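I have placed the structure first, in the form of structure tokens, so that the comments after it can refer back to it.
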């Protein structure tokens with residue numbers, strides 16, 4: 001029998017979990033005054049079971065507030081001493097003296113972009129930019145007296161040292177994440193010369209430099225800046241011949257108007273113009289870490305969650321950020337294993353070497369991280385998927401740099417295929433695919449717009465709220481759902497078992513002991529409210545959870561909702577059914593054995609027991625909970641008195657008669673004592689002598705005693721399915737003696753973004769329930 | 001509540017955050033609550049914070065207009081999941097004490113119940129086999145079905161203990177499944193109340209109608225009405241037996257019609273049980289009313305009447321009974337029960353025994369936990 005009430009209760013409760021996230025005042029981003037928001041109300045408890053977090057870097061870990069910090073113009077480094085190029089006297093002097101290199105560099109900074117300047121009433125110029133980098137460059141240029149003043153349809157004005165320079169914009173070669181550069185073709189209105197101005201990532205610009213030009217200084221500069229965790233952009237330009245441009249312009253127009261494969265065609269045409277570039281310099285932009293990022297990552301890693309950083313940035317920048325936000329421990333504890341290579345063979349050897357190191361390493365698995373770049377990743381995913389999967393399982397931390405949005409999604413897919421619960425967090429449009437692919441998508445409603453936040457299941461204002469989202473909301477939701485779903489089965493089974501027992505003494509004819517009104521009201525009125533208020537239950541205070549994030553392990557491994565806990569509830573309902581039934585038929589034997597009376601005695605026995613069961617399973621009582629539990633018991637009597645007062649009802653006068661009989665009350669207390677005694681004894685025994693870590697923390701929290709060492713409850717690395725990856729792992733394969741979570745696991749949970757949700761996903765969980773049973777049986 | 005603390009805190013805050021004073025229309029107590037929130041302490045250090053938006057947030061979260069302080073606080077605490085909670089903890093002392101307490105309460109209560117049950121005097125006489133004359137011992141069904149054979153039978157019950165009036169007379173049927181699904185359903189409550197006016201009696205099948213005429217009362221339950229009769233004598237004097245008020249008053253008043261008379265009852269080829277006097281309204285047919293209250297268990301007792309005289313020790317009660325009811329065809333048993341009553345009802349040791357058992361088990365558990373605690377202190 002499927003208790004339909006479980007579906008209703010779960011839906012109600014889940015929407016409340018989501019509301020709690022929306023309401024949480026500690027997850028408001030005060031700077032933008034945005035609240036956290038749960039768009040998907042169905043997966044709050046999955047938050048508590050996250051095993052992998054895949055995070056974007058820019059805007060997610062960092063503030064995405066770009067500030068131009070350093071630059072290198074034709075081999076001269078500015079801003080190295082002061083740490084701020086805008087205050088570097090040398091640069092200011094160079095600008096003042098009108099050094100042509102510097103001026104060209106500044107021109108590219110100010111012009112090569114898609115920023116729109118807006119003149120405010122007070123005469124100030126505000127810049128509206130899609131890209132934070134561009135805005136930073138334009139601002140910096142303005143600071144260096146190259147002020148981008150105005151932009152019309154085809155012309156732009158620049159105010160340099162109080163003289164207006166006008167340019168005509170001929171074409172804009174837009175930025176795409178594949179090209180990793182953008183260019184602009186302008187015509188100087190004074191000289192009539194045409195220029196191509198380009199800026200982009202070093203690997204997108206340096207290969208297209210003018211042959212013979214010394215690119216080494218630039219490469220070194222890029223390297224140096226990346227080491228400091230700065231984002232680098234290479235700036236270049238080229239003077240175009242009139243004919244060359246005209247010819248190309250036609251092609252470009254044609255490419256722009258094609259219908260098929262336009263993006264690819266445009267990119268190809270752009271490529272034809274972007275060559276023989278004259279390198280001007282390298283700009284370095286700082287993007288500070290958000291507040292609390294290192295602490296958040298530290299805490300969540302303690303909770304046994306593995307972090308993968310997926311970024312479009314350079315390897316060195318990514319590593320620096322990773323180091324500064326506790327992503328990897330610094331040397332010598334932490335080890336970074338690089339996977340690189342340009343060809344299949346190189347990648348293969350590199351991958352094997354890393355795998356070997358991983359297998360034989362003695363360090364904590366989380367101190368070893370591998371670093372892979374987009375190109376190597378592409379090859380690895382294409383040709384060495386099995387080896388890479390093994391690597392993904394062995395290592396708890398990974399840094400993937402220079403990855404494209406689709407690669408991010410592929411990585412999520414890979415982890416999901418190994419049965420891990422993944423959470424993807426990002427802020428920009430390039431993270432949307434990853435967010436949609438992951439079990440749980442979290443979007444940061446940041447400066448790059450709301451694309452990610454809209455596509456995500458949860459949107460938060462700052463990365464540091466993730467800690468609270470997972471440890472507080474996710475964990476509580478999981479615990480509450482675990483209780484609620486098992487309890488719903490318990491209460492329905494209780495009634496079922498009694499009916500089954502009764503059928504044995506009614507000639508197996510299928511007579512219902514309970515009348516139809518009682519049966520109907522049992523799930524709706526008599527038992528649903530006490531369990532619904534368990535949404536207010538907290539096993540541990542938020543502070544304790546934050547201090548001991550390790551206990552999240554109980555959620556991740558499905559310790560609170562698995563076949564064995566389920567069997568416990570099953571056994572409890574069987575035991576309680578026996579108690580209620582046996583006591584009722586013996587106490588109400590012979591002359592008292594009237595059908596309606598006996599049925600109400602058995603029913604009230606069930607109601608009394610369930611009130612005590614909810615009480616004993618509740619960890620903290622708030623006033624609504626107390627009211628719901630005991631008020632519900634009172635309401636049971638009130639409802640039945642009302643029904644008993646209706647002459648037309650079958651149970652006319654029954655409840656009044658019963659309440660006047662001393663036998664009735666004596667029987668009720670007997671049922672409660674006999675039913676709850678063993679339950680309490682068992683619970684106390686396990687609480688005191690076989691305590692789980694949660695119990696230890698509860699005791700410590702409530703009695704104020706010292707917290708004994710929690711020990712290491714780090715889960716063993718899960719061995720992955722053999723048929724997925726036949727490669728053997730030399731590590732001992734300890735499969736956890738824990739089971740898959742039953743109800744709340746939702747690898748194919750209905751996602752908001754993928755079509756309408758199936759209305760009966762409980763039945764899906766049912767089938768999953770059976771499949772995970774069988775899977776566990778196989779494994780044992 | 002602590003109004004003083006509230007106002008003073010507000011005074012202090014007013015100086016430091018003048019904007020709040022202007023913008024926040026929050027009740028003092030709530031505002032204090034809000035001030036305690038971490039992030040408000042950082043107000044001055046965040047110059048760029050848009051105060052207006054914070055004011056907006058404050059108002060939305062903490063102070064819906066026009067409601068009382070405490071409900072504001074309560075709603076705020078509810079949304080923040082920070083309602084004050086009582087967190088009971090299972091200390092050895094509390095658990096062991098509660099088990100002891102259960103034991104200490106349950107054993108005496110159990111003893112009282114046992115005593116009540118023991119005080120009931122009960123005479124049970126199984127007469128179904130003894131009331132069959134010897135020639136029919138091998139074919140009881142034929143005997144009971146043959147209406148030409150007289151069914152009179154005498155039983156002698158010896159009183160062991162003084163029985164105080166009223167002494168309840170029950171008949172007990174064993175192995176009689178009055179709770180069978182089809183049997184239970186085969187009745188029409190509306191017809192019992194409204195009689196022939198109510199003619200949708202399909203639930204009564206198979207005893208719905210006979211010869212095209214409806215049966216009142218219809219259904220299997222009424223059809224199988226118990227019809228053994230008893231008369232009680234002490235010596236030659238007949239004991240005063242009251243057969244009134246044996247059914248529930250609510251049934252007589254509201255479930256069985258005062259103007260509904262039996263009609264076409266037991267007229268078929270198959271006679272189930274007793275017949276009813278067609279001149280007496282159903283609400284006065286108390287044997288029927290008692291019978292229609294189906295029993296939930298396959299062994300049950302039903303009221304027959306009350307003896308309104310005391311019976312002394314060693315009195316012999318002669319029962320003159322008519323053994324009409326056929327329980328032989330399905331192996332049922334019939335018993336006659338005379339019983340006094342206590343505050344717990346008839347003789348039933350179960351509750352008392354169960355109480356004593358549960359009480360002693362919980363004392364045993366308490367001791368076990370105590371030992372465990374002493375041996376294994378934590």
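Placed from the backbone N, Cα and C atoms, the Cβ positions cover glycine too.
Bear in mind that the values here come from a model prediction, so they are computed numbers and not experimental data.
Copied over from TrEMBL:
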| type | residues | note |
| --- | --- | --- |
| ACT_SITE | A:56 | active site, 4-aspartylphosphate intermediate |
| BINDING | A:56, A:57, A:58, A:134, A:175, A:199, A:231, A:311, A:312, A:313, A:402, A:408, A:430, A:431 | ATP binding site |
| REGION | A:729-750 | region 'Disordered' |
| TRANSMEM | A:569-590 | transmembrane segment |
| TRANSMEM | A:597-616 | transmembrane segment |
| TRANSMEM | A:622-643 | transmembrane segment |
| TRANSMEM | A:664-685 | transmembrane segment |
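Projection of TrEMBL feature records onto the structure.
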| residue | record | contacts (Cβ under 8 Å, 6+ apart) |
| --- | --- | --- |
| A:56 | active site, 4-aspartylphosphate intermediate | A:309, A:310, A:311, A:408, A:425, A:426, A:427, A:428, A:430, A:431, A:434 |
| A:58 | ATP binding site | A:64, A:231, A:287, A:311, A:312, A:313, A:427, A:428 |
| A:175 | ATP binding site | A:131, A:181, A:182, A:200 |
| A:402 | ATP binding site | A:203, A:311, A:312, A:313, A:314, A:315, A:373, A:374, A:375 |
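Of all Cβ atoms in the protein chains displayed, 24 besides its own lie within 10 Å of the Cβ of residue A:231 (ATP binding site).
Within its own chain, the transmembrane segment (A:622-643) is flanked in space by residues 517, 521, 525-527, 529-530, 532-534, 536-537, 600, 604, 607-608, 611, 614-615, 649, 651, 654-656, 659, which lie at least six positions past its ends and keep a Cβ under 8 Å from the stretch. For residue A:312 (ATP binding site), other Cβ atoms within 10 Å of its Cβ number 23. Listed as Cβ neighbours of the transmembrane segment (A:664-685) (distance under 8 Å, sequence separation of 6 or more from its ends, same chain) are residues 572, 575-576, 579-580, 583-584, 587-588, 601, 604-605, 608-609, 612-613, 616, 658. If you look at the transmembrane segment (A:597-616), the same-chain residues 6 or more away from its ends with a CB under 8 A from one of its CBs are 487, 490-491, 494-495, 498, 513-515, 518, 522, 526-527, 530-531, 534, 572, 576, 579-581, 583-585, 587-588, 629-630, 632-633, 636, 640, 651, 654-655, 657-658, 664, 667-668, 671-672, 675-676, 679-680, 683. In the three-state DSSP reading, residue A:430 (ATP binding site) counts as helix. When the Cα positions of A:56, A:57, A:58, A:134, A:175, A:199, A:231, A:311, A:312, A:313, A:402, A:408, A:430, A:431 are compared pair by pair, the longest gap among these ATP-binding residues is 25 Å.
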